[in-house]
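Copied over from TrEMBL, here are the features:
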- 13-148: domain 'MARVEL' (DOMAIN)
- 44-66: transmembrane segment (TRANSMEM)
- 78-101: transmembrane segment (TRANSMEM)
- 121-142: transmembrane segment (TRANSMEM)
- 153-297: domain 'MARVEL' (DOMAIN)
- 154-177: transmembrane segment (TRANSMEM)
- 192-218: transmembrane segment (TRANSMEM)
- 225-246: transmembrane segment (TRANSMEM)
- 272-291: transmembrane segment (TRANSMEM)
Amino acid sequence: MESTGGPYLNTAAVTSPVGIARLLQMTFGCTTFSLVAHQAGFSAAYGTFCMFVWTFCFAITVFIIACEFTHLHSCLSLSWGNFTAAFAMLATLMSVTAAVIYPLYFVQVGCYPIGCEVRDFRIAASVFAGLLFVAYAAEVFLTRAKPGQVTSYMATISGLLKIVQAFVACIIFGALVNDSQYSKYVATQWCVAVYSFCFVVTVVVVAFSVTGKTALLWFPFERSVVIYTFGAVLLYMSAAVIWPVFCFDSKYGSPQRPSLCAKGKCPWDSQLVIAIFTYVNLLLYVLDLAYSQRIRFVSHL
C-alpha cells in the first residue's frame, strides 16, 4: 500500500542542524521552567520576567517546529524565513538576559535560608537556562546570511541588528521609567523622543519584513530603510551628546553618584544606564548602516 502521510511531513524540520537546534531549545526551555515551577521557585518582577521568557520562547519554538514539520507555515501570511530569523535573534537576547538575571537574584552558595534542595534546583535551572541561550545562539549562527547568499532580510546582519536595536531600546525605556527624571529638561525630553521614534520605526521595519508586505509599499522599501538608518545614526548622535551633558554636567546634574542616593532607587543610576545603552545603540545603528550597503532585500523567503 502506498503511504499517504510521508509526502506531507518535512522530516528535515527535526533532522537538519537547525531542526536539532530547535529540538534542543524546546527541551532546554521545558526543563528550565519546569525546574523553576517545581522546586526552584521565583519571585518579584525579575523572576516573573525569567519565567515569561522561558515559557514564551518554548511556546513559539514548538509552534515553529510543528509548522515546519507539517508544512503548515505555507498557509500562513508570513514571510517564514524573516519570522524565524527574527524570533531566533529575539529569543537569543531574551534567553541570555534571563540566564544572567535568574542566577544573579536567586542562586546562592549556601543552603540557608532556602534549603539545599531548593538551592540545587536553582543551580540546575540556571545551567539549563544557559544551555537554552546557547541553543538559540546556535540557530542564529546556522541561519545567518552567508556572503553572496540571497536570503531573507531578517537573516542578514542588518536585519539581526534591527532586533538588537529594538531590544536595547526596551532596556533604555525600562531605565527611563525608573525615576530617571527625564522630564526635568527639554533637552532630555528630546532624547526620549529620539529613543521612541527610532524604536517605533525599527519595529515597523521588522513587522513589514516578517509579514512579507514590503512589496506592497508604494515606495522602495530597501532604500527607505537605509535612509532611515542614516537618520537614526544622526538622531542617536545628538542623544549621545545631549543626555550625558544634561545628566552628568555639574551645571545641570551630578558628575558623581550622590552619596545619599538609595541603591535601586537612584535617578543617577538610571541616567547612567541610559547613557551607556545610548552609546550601544549608536554603535549598532552605525554597524547597521555599514552592512546595509552590502545586502539584497528579499521579502518572500
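In case you wondered, yes, glycine gets a Cβ from its N, Cα and C as well.
Pairs of Cβ atoms less than 8 Å apart link the transmembrane segment (154-177) most often to 272-291, out of 44-66, 78-101, 121-142, 225-246, 272-291. Note: the domain 'MARVEL' (153-297) comprises 109 helix, 0 strand, 36 coil (DSSP; helix = H, G, I, strand = E, B).
The predicted model assigns the domain 'MARVEL' (13-148) a mean pLDDT of 94. In terms of DSSP helix, strand and coil, the domain 'MARVEL' (13-148) has 113 helix, 0 strand, 23 coil.
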